[in-house]
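Under the heading active site, nucleophile, TrEMBL lists 2. According to TrEMBL, the domain 'Glutamine amidotransferase type-2' annotation covers 2-217. Taken from TrEMBL, the feature domain 'SIS' applies to 286-426, 458-595. TrEMBL lists 600 with the feature active site, for Fru-6P isomerization activity.
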Ligand code: M6R
């Protein structure tokens, strides 16, 4: 949510900042803005409601300067317009600030400043920072920023420019990510590495409560509270710059759906242990004796990650026979949960930044719980805060709508379930059976993706729907939930998921030709029960699209997917429905990679 970038060096800053913003646009796309330290002194700022391309078209031809900061916004406080766009300036126009996060006590601080005669230009919470820094009497910029932050409660990743200190950018982090990119006599700063990797692979990730001063040929990190130096050793980012490119695809969503066979291959690579019919999970930090003592597993995530966690919970129950469930992290953290010492907690997140998940992890850690992470972004906040975990290795996911990461997260859970199962009571034969199933996945995914044309044609038939029902039973229910989320967020068609077993308890009342149903109908022990639900819908003139292992007589259309082991079927059954959501949105002319009102990394509550 919101992306910040900064550059200091010898090159013209504006084009580099714009390029960085474009890479971070998935974090927010309500407005964008840039501030440059001009060659002749002073700060120049341009802001625009809308996308980075709108900002670009507003930049004057001569917007020279080799130091600058920029921002792409997801609006929290104040409407998306030019005035509320960042950077925000202090009253004298000497200080420019870009901010990602939420200042919780902004109204209080603003009231005090206004009582002192400060006039605010915007409705944002972030503007208080610019005024506080501008009014600080400290000599050094670093001290001014530290002074200002003492008045602030909330989360922030900030970058600050000051006209009187043109040789530096000061950045600080508390709860919202900030990474420094170290180049050859130039330095970058950004909310995530996506904005840096085309220039440098050497990065330093700031920790919470840490600040940094970056100059063209030097950087220094220190604590925000005391200003004491901290050790910051650069790490090499492994991900290739090219993996952020769209390649031959028209959207990132399409690219990411298409990459799933390779992505699954990656999450499996090097982890299967045929000798003991199990898997090795290097970073788990859970020895077998501890694993045997686990009495319950609680999985926490938001949105798609929560749904992946629901399938994960099912896998853990089935393969390891440990009671497991998944809950939205956003709910969990506010209900004063009982934290049980024999429960293993697992935080799931693509970005590793989602505020509600991070806050749940911190609360659990504070209460002494053991928390593992199932995370995609290596080195992200959640990956760092957890006691160990499994990386999902889906590669960068840029589209706001999560697809390949969902699939890889479920596969990562299958690995974890197998690992726990083989430490407990899962037999060698079952271990072998699951491993064989996992190995089949990439090929089966390729088979499903080859049916894209058929699914695209089908999608045309559902564009007129105002609302759609998604149903599934047990293993199929979380698949239905995820598929309904996909459809609604990318096509804006209302969709609701229900357990097929609950149809008769209410939702059947909705069935009519204008309310199509998508049914998950695997060939497992519940096949006949699922078929009965199709009968009931058909008897009420409902239209049915089934995702199944064989043609369903009662369905108007069946997307037939290859059969795997019963436990692993949910991994495959969601994939055609990602394509259905994509093609429905395409037919409706939606902004597929950037659905309205959303952003990818939800770093605010
Ligand atoms: O980065 P995370 O996995 O923690 O993100 C959680 C949700 O915000 C995310 O899955 C969201 O629901 C996506 N838009 C789903 O496509």
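For all residues, glycine too, the Cβ spot is worked out from N, Cα and C.
Caution: TrEMBL annotation is automatic and unverified by curators.
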Packing count at residue 600 (active site, for Fru-6P isomerization activity) (other Cβ atoms within 10 Å of its Cβ): 26
Across the domain 'SIS' (286-426), average pLDDT on the 0 to 100 scale: 96
Cβ neighbours of the residue listed as 'active site, nucleophile' where a neighbour is any other Cβ within 10 Å: 28
Pairwise Cα distance for residue 600 (active site, for Fru-6P isomerization activity)/residue 2 (active site, nucleophile) [Å, integer]: 9
Secondary structure composition of the domain 'SIS' (458-595) [DSSP: H/G/I, E/B, coil]: 63 helix, 26 strand, 49 coil
Residues of the domain 'SIS' (286-426) by DSSP state, where helix covers H, G and I: 65 helix, 28 strand, 48 coil
